[in-house]
Amino acid sequence: VGFKAGVKDYKLTYYTPDYETKDTDILAAFRVTPQPGVPPEEAGAAVAAESSTGTWTTVWTDGLTSLDRYKGRCYHIESVAGEENQYIAYVAYPLDLFEEGSVTNMFTSIVGNVFGFKALRALRLEDLRIPPAYCKTFQGPPHGIQVERDKLNKYGRPLLGCTIKPKLGLSAKNYGRAVYECLRGGLDFTKDDENVNSQPFMRWRDRFLFCAEAIYKAQDETGEIKGHYLNATAGTCEEMIKRAVFARELGVPIIMHDYLTGGFTANTSLAHYCRDNGLLLHIHRAMHAVIDRQKNHGIHFRVLAKALRMSGGDHIHSGTVVGKLEGERDITLGFVDLLRDDYIEKDRARGIYFSQDWVSLPGVLPVASGGIHVWHMPALTEIFGDDSVLQFGGGTLGHPWGNAPGAVANRVALEACVQARNEGRDLAREGNEIIRRAGKWSPELAAACEVWKEIKFEF
């Protein structure tokens, strides 16, 4: 037999500190917490091995391939400041390990097996560098930011949305009525909640019809283009595409998908359909916190956001920095830039471990949603800038006078903030004053200001 049987240390093969990374490599930064007694080099090498070519023992079929050409390599390890026994392990994967245009295959390879590994107490994928050669195998977002603005004819400000509540239990006609009132009041979009699919109290086809009616009625009355994110997520891909086809036949501008529960394969198929048929695609990240909330185990959301840009979506929820859900400001802004910009420099302060060049893949609009109201408007305008969607669910429907006045209040607040910013005023310092002054001319906004109290915001 021409090979030496038996178990050998991973680090002998997979820890290569002298390796020069190639432009075509996919690079990963893992936060590794080894079990007591396991050296960090062995833990990092184990991750590289188990997520590429390795298995636990030497096998004779290793001799039939060129391991050097195909193996993942742990090329650098650094300890995490302020954390005991935590390391960042950098791993380089040769491009040939991955199927072109498949986020599913990329994740199956990189995170598929290694997270249950005994030598590790915990493991978190913090960032990925997707090389241009691999980016180019993806279609990416169906349309992107510029095309969306042109389709909607809306420029120079963030877009406004609202999730229809209560999310479950309304009949289709009442649901459509709520949509109409919000759009009529001045919002650009309304939204199906992520778990509104096709339940007994409201089947999808009825909802699509009544929402389309609401959209057209509001468009006629306001002279603006309106949309409602019709959730096409379904139990099978075929059913999902059937719903997308019906939305296209109704002539509505945008549909929606839950990309993590629906899965990357379904999402990429839907994104291709949307580009071919002129539909915008709104993406909800339901289930993300299961994967990304633990600080030392799982996958950071910036990786899920990059994966979505590759798989395809025109909007994605990205946290608010100011509302009811968790999100640290610099880190959030880091992945907001990763969604929108063509080229992003490495910036460890914002959690960006690698420079990322998207080579002409269209951008994705970040959606701020969750516990926000009119007093947050100056902060949101300042933090997210024009290329974003600000979504006020309770902050619209919770208005004491109803949905349409709630929508008016949000639109007036937004226009006031954009105007103040364009005049060179400091939204951080004068935010509350700007909202108060706008409220003098808008009873709807004044009423909203009463219900939700001013916030102290430092930014």
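FYI, residue positions are counted from 1 along the chain as it appears here.
From the backbone N, Cα and C atoms, a Cβ is placed for every residue, glycine too.
Copied over from Swiss-Prot:
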ACT_SITE  Lys165  active site, proton acceptor
ACT_SITE  His284  active site, proton acceptor
MOD_RES   Lys4  N6,N6,N6-trimethyllysine
MOD_RES   Lys191  N6-carboxylysine
SITE      Lys324  site 'Transition state stabilizer'
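Projection of Swiss-Prot feature records onto the structure.
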residue	record	DSSP (3 states)
Lys4	N6,N6,N6-trimethyllysine	coil
Lys165	active site, proton acceptor	coil
Lys191	N6-carboxylysine	strand
His284	active site, proton acceptor	strand
* Top Cα neighbour of Lys4 (N6,N6,N6-trimethyllysine) in the set of recorded positions Lys165, Lys191, His284 -> His284
* **Least Cβ-crowded entry, counting other Cβ within 10 Å, from the active-site residues listed as Lys165, His284** => Lys165
* The one of Lys4, Lys191 whose CB sees the fewest other CB atoms within 10 Å, among these modified residues -> Lys4
* Asked: About how far apart, in whole Å, are the alpha carbons (Cα) of Lys191 (N6-carboxylysine) and Lys165 (active site, proton acceptor)?
  -> 9
